[in-house]
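A quick write-up on the structure given underneath.
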């Protein structure tokens with residue numbers, strides 16, 4: 001219980017950092033600097049320039065068959081999470097009659113924030129007794145540094161796995177590419193291309209180029225959060241302007257048979273219809289924005305049942321003989337987070353459900369302050 005307050009503080013700081021960076025974009029939008037056209041440009045710039053540079057700097061030293069063999073549970077978790085998210089998201093969209101938002105729901109549930117915030121939380125734990133085989137009182141500075149290095153290596157090794165899954169599967173699904181021909185066009189996006197060609201690249205040949213790529217890669221997360229803030233601010237303005245109701249559709253009136261007319265001598269008087277025919281029911285158009293039940297479904301499927309799936313995978317991995325507690329904790333934290341922040345960029349690039357994606361991230365990240373702390377405590381007791 002003593003570790004809960006530091007974890008709560010770390011979780012709150014992580015979400016507050018996201019909110020602070022996003023508020024810069026909201027301020028730029030209020031000043032007229034960021035509009036829909038510039039947001040679209042930044043989405044393209046992030047996905048085509050910044051993210052490929054980030055991948056170039058992080059992935060090449062990590063891609064090796066030997067390392068994949070030693071960290072195979074990370075690959076297993078990714079596969080299980082993606083399959084679960086796609087199936088559960090499709091089922092939820094069908095049951096809630098939100099088929100027009102099935103791509104967004106499936107992608108949001110299948111791809112959690114598996115890198116930045118989980119790694120921060122695990123590093124904040126430090127040499128916790130549940131993460132090591134020795135007594136915490138004997139934990140030295142060298143032990144803490146070794147644990148820190150181990151955490152960083154595990155998350156960096158999982159980075160290329162999630163990049164392939166997000167942009168090779170999540171982006172086509174969000175874009176509505178369900179056929180093979182559509183998927184083949186969408187899957188050849190810049191992050192996937194650069195991941196394919198970066199194997200074996202030696203970045204020490206030309207140091208200035210290394211610095212340029214490094215700086216461009218570092219811009220990806222701040223720019224992404226600023227664009228997200230601008231989109232969320234636009235949603236908030238629309239909601240408050242509409243009196244909290246937001247944009248929605250209005251049901252069209254069902255036509256009925258007109259009243260019959262009796263013709264008398266010298267005048268015309270209305271009379272009731274002789275036979276009342278059943279009214280014609282028109283099919284209502286789908287809502288222009290995802291209703292609240294869709295957002296709540298994403299929240300439950302991603303941050304409740306997704307975490308339970310992580311527990312199940314970790315239990316199976318431990319039964320297979322894996323006793324590395326840091327590795328198990330990495331699996332667990334990667335499974336319980338809210339949707340990936342890249343969801344906003346993917347929606348912007350594809351032009352699909354941009355405002356709904358921003359609203360999903362707003363709701364789930366506010367809830368993650370509590371869910372991350374709760375699941376971290378549960379996971380530590382599991383170890």
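Keep in mind that glycine also has a Cβ here, set from the backbone N, Cα and C atoms.
Listed in TrEMBL:
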TRANSMEM  71-92  transmembrane segment
TRANSMEM  104-125  transmembrane segment
TRANSMEM  159-180  transmembrane segment
TRANSMEM  296-315  transmembrane segment
TRANSMEM  327-348  transmembrane segment
TRANSMEM  360-382  transmembrane segment
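The stretches the transmembrane segment (360-382) and the transmembrane segment (296-315) meet in space: the count of Cβ pairs below 8 angstroms, excluding pairs fewer than 6 apart in sequence, reaches at least three. The largest share of C-beta pairs under 8 angstroms with the transmembrane segment (71-92) comes from 296-315, of the ranges 159-180, 296-315, 327-348.
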